[in-house]
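Below: one structure, written as structure tokens.
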Amino acid sequence: MKKLLRLFFPLSLRVRFLLATAAVVLVLSLAYGMVALIGYSVSFDKTTFRLLRGESNLFYTLAKWENNKLHVELPENIDKQSPTMTLIYDENGQLLWAQRDVPWLMKMIQPDWLKSNGFHEIEADVNDTSLLLSGDHSIQQQLQEVREDDDDAEMTHSVAVNVYPATSRMPKLTIVVVDTIPVELKSSYMVWSWFIYVLSANLLLVIPLLWVAAWWSLRPIEALAKEVRELEEHNRELLNPATTRELTSLVRNLNRLLKSERERYDKYRTTLTDLTHSLKTPLAVLQSTLRSLRSEKMSVSDAEPVMLEQISRISQQIGYYLHRASMRGGTLLSRELHPVAPLLDNLTSALNKVYQRKGVNISLDISPEISFVGEQNDFVEVMGNVLDNACKYCLEFVEISARQTDEHLYIVVEDDGPGIPLSKREVIFDRGQRVDTLRPGQGVGLAVAREITEQYEGKIVAGESMLGGARMEVIFGRQHSAPKDE
């Protein structure tokens, strides 16, 4: 069934265009041709009638009525074998005079025709027509050719009837003039054959021109299809916007879709990378706890709450990053209020377990009144990455302090490590960029932290600590709390 549909409804736009246009051209050509032929035929009949009427007037002029009889005196220069034949009837339809004696033709004249002026046609077989034109050898040859092609062919003869009223010298007469040469043998009849030839030539010329027109008109679509194939083969990123006006909107919308899909893909990939990085700390805590259980430094009852807490943290992180992946640009941030001190206590407790062997000393100087306005997981993600870096690169001490204004929350993390060179203090926030390539890491944590703070119209500033190491100042904006309902 599908093959039949494809056969009758081609999928190619060029073939569709060619067939539709060819059909329109054919219909219009037939319509115009038929109108022209019908007009020509009507004009030809009128011309023939006028010529035959002229013959009728001539014979009426030559006719004389004497002793109740009609006499027609033909001059010597009028050939009795002329291409017309004249019959004259009285008002009762009785034949008064005949130019030639052709019985079969006289029988074909209908009595009703004789009552008024008119133009008529009679059908005769080839043999009868041949008898009517026995003296014309060229016509006889043409009739022979017709007879050889079709012995039963019929010839059409034109008949003009003219009624003349009675006068003082002439009674009422009806003159019938028959064109002895059939219409089929006249050169004017060839116009139908010419029409077929012209129509055929028209189609033979028009179809190639239509094909060229279709090829030229559909080139932009072919170019677009080629660009789509290049997109599929990853040889181009976007469609060329410089196209025809009709395709501009389509190309623009497709490019928007491509950009949106690419951004969404990049977002998912980035989110997956960030999730992997964020799970490092809870997994490290679990690993450290299991190591302590194995060495019997910690009992099962002590390890259980720690492990459950980290498992809960992993579950929260997965949910958090799935939520981030589904968020669209411009999504409103949460306006929840969270005390900063408890959040940092939980983070430092987890990091102490991770860096237990290193013996990191983390000190907090956080006022209980200081709060964070926003998504709790955002705060934990930012501070977790910053504190993890501080614990990783410090020698022993890490200090955390905080202050708050009406619009901003400032948290400062300092360590006594080697610090960050001045030339690297902006590079470290780029994904995949790390100052110390000897230590394990992917260079993702600080990039994630900065992206989140920028969502809060904040930033992270790297500097030099009074302890001799790095100083990271995390600034959260948009910290004005939501107005309370009165």
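Each Cβ is built from the backbone N, Cα and C atoms, and glycine gets one as well.
Copied from Swiss-Prot, the annotated features are:
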TRANSMEM  17-37  transmembrane segment
TOPO_DOM  38-194  topological domain 'Periplasmic'
BINDING   D151, D152  divalent metal cation binding site
TRANSMEM  195-215  transmembrane segment
DOMAIN    215-266  domain 'HAMP'
BINDING   N385, Q442  Mg(2+) binding site
BINDING   385-393, 415-420, 434-446  ATP binding site
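The structure, with features from Swiss-Prot marked on it.
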residue	record	DSSP class
D151	divalent metal cation binding site	coil
N385	Mg(2+) binding site	helix
Y393	ATP binding site	helix
P418	ATP binding site	coil
Legend entry - Secondary structure composition of the domain 'HAMP' (215-266) [DSSP: H/G/I, E/B, coil]: 39 helix, 0 strand, 13 coil
Inset, instruction - Can you tell which of D151, N385, Y393 has the least company, meaning the fewest other C-beta atoms within 10 angstroms of its C-beta, among these binding-site residues? - result: D151
Legend entry - Long-range Cβ neighbours of the transmembrane segment (17-37) (under 8 Å; 6 or more residues past either end): 10, 191-192, 195, 198-199, 202-203, 206-207, 210-211, 213-214, 217-218
Legend entry - Between N385 (Mg(2+) binding site) and D152 (divalent metal cation binding site): CA-CA distance (Å): 107
Inset, instruction - With D151 (divalent metal cation binding site) as the reference Cα, tell me which of the binding-site residues N385, N389, Y393, P418 is the closest one. - result: N385
Inset, instruction - Give me the non-local Cβ neighbours of N389 (ATP binding site): same chain, 6+ apart in sequence, Cβ-Cβ under 8 Å, ordered along the sequence. - result: G445, L446, A470, M472
Legend entry - Rounded mean pLDDT for the residues that make up the domain 'HAMP' (215-266): 85
Inset, instruction - For P418 (ATP binding site), list the number of other Cβ atoms lying within 10 Å of its Cβ atom. - result: 14
